[in-house]
Amino acid sequence: MSEETFPQASALTLLSDPNIDLLSLVAAAGEVRMTYFGRQVMLHRINDIQNGLCPEDCGYCAQSKISDAPIKKYPLKSEEDIIQEAYEAKAKGVYRYCMVSSGRGPTAERTEHLAHIIRRIKNEVGIQTCLSAGLMDHEQAAVLKEAGLDRLNHNLNTSESHTPDIVTTHTFQDRINTLKAARSAGLDLCSGMIAGMGETDQDIVDIAYQLHEYQVPSIPINFLIPISGNPIYDCNQLTPQRCLRILCLFRFVNPKAEIRIGGGREGHLRSLQALALYPANSLFVEGYLATRGHSVDQVYQLIHDAGFEVAGETSLTGDLSATSQFQLDDNPNILNPQTTISFSNS
């Protein structure tokens, strides 16, 4: 399948038509994924290097100025803490270390400080890096590029028409301008969406094709995590099946992109998480910004149970041997009261 051949009408039908068999859809998306990425899954870890204290009014975000979510707010972590956590991420087999800082965007002084930290991480730790720090211009992006930053994240989050319903302190064009600034500075782009914020099928399709237009190589698909205190709490749009259809849509429209299962994976995909690895080839470990997530061990198990492999896999996979086979031991605490186990002397 070429990137130019998936029509928008088919994309809309894919999301809305219950007669399109879900497993057949997942299998077809899996064929596209296998063509470009094989069976490898890239692991990313988020480090929320500054939490809260944000002047923006994004309705979905626990860090925004209008949220009453009970989060722990803190200023930028120390340089040594950020670097130490990069070492820890690498030791766990993480492919890319993603630093996220709250706020509208960094000052010139903050940009230089972040560049210094990135330079140390690249020189001392040797891990792929991504930074999400809000709105930026070309000069700021160029400073980060010179420091060795591999990728800049700035999510579109939703379509241009739906953006005013989500946030009023910045525009959709502001976000596009940040992506353009990053690209002009030579940085790889990372940009995706949040599903479940009251958007229509057309909104989702619009985002998928907008990211295709900009040839974004890394696309995180987040599913709204309903955090009490946020204005956009729960639109009751998402089911495991719909989440899978959204992931398949993005794979068909952006066949060569790294499609990442982002926030909300555990709660919205639930028992269908393994199926999501057919359209997607990347996911986060150990949580997101304001919420916890599956541990590295749980993610490794999920990937291996589904028949995939971790990109750049380390010796961590050796730990799976002890849990790869199900065994029922003689511990009475896990037995049904009607079940007895007899042991022969032979």
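Placement of Cβ uses the backbone N, Cα and C atoms for every residue, glycine included.
Taken from Swiss-Prot as is:
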type    : residues                      : note
DOMAIN  : 36-265                        : domain 'Radical SAM core'
BINDING : Cys54, Cys58, Cys61           : [4Fe-4S] cluster binding site
BINDING : Cys98, Cys130, Cys190, Arg260 : [2Fe-2S] cluster binding site
Where does the mean pLDDT land for the domain 'Radical SAM core' (36-265)?
95
DSSP three-state assignment (helix, strand or coil) for Cys58 ([4Fe-4S] cluster binding site):
coil
Enter the number of other CB atoms within 10 angstroms of the CB of Cys61 ([4Fe-4S] cluster binding site).
26
Please report the Cα separation of Cys58 ([4Fe-4S] cluster binding site) and Cys190 ([2Fe-2S] cluster binding site) in Å, rounded to an integer.
19
Would you count the other CB atoms within 10 A of the CB of Cys98 ([2Fe-2S] cluster binding site), including those on all shown protein chains?
23
For the binding-site residues Cys54, Cys58, Cys130, Cys190, which Cβ has the most other Cβ atoms within 10 Å, all shown protein chains included?
Cys190
Starting from the Cβ centroid of Cys98, Cys130, Cys190, Arg260, the recorded [2Fe-2S] cluster site, name every other residue in that chain with its Cβ within 8 Å, sequence order please.
His44, Arg96, Ser132, Arg151, Asn153, Ser218, Pro220
Using the alpha carbons only, what distance in Å do you get between Cys54 ([4Fe-4S] cluster binding site) and Cys98 ([2Fe-2S] cluster binding site) once rounded?
19
Other than Cys54, Cys58, Cys61, which residues of the same chain sit close to [4Fe-4S] cluster? List them in sequence order, counting a residue when its Cβ is within 8 Å of the Cβ centroid of the site.
Glu56, Asp57, Tyr60, Ala62, Gln63, Ser64, Lys65, Ser67, Ser102, Val167
Given a separation of at least six residues and a C-beta threshold under 8 Å, show me what packs close to Arg260 ([2Fe-2S] cluster binding site) in the same chain.
Met42, His44, Gly192, Ser218, Ile219, Pro220, Ile221, Ala280, Asn281, Ser282, Leu283, Phe284
Spatial separation of Cys98 ([2Fe-2S] cluster binding site) from Cys61 ([4Fe-4S] cluster binding site) - C-alpha basis, Å:
18
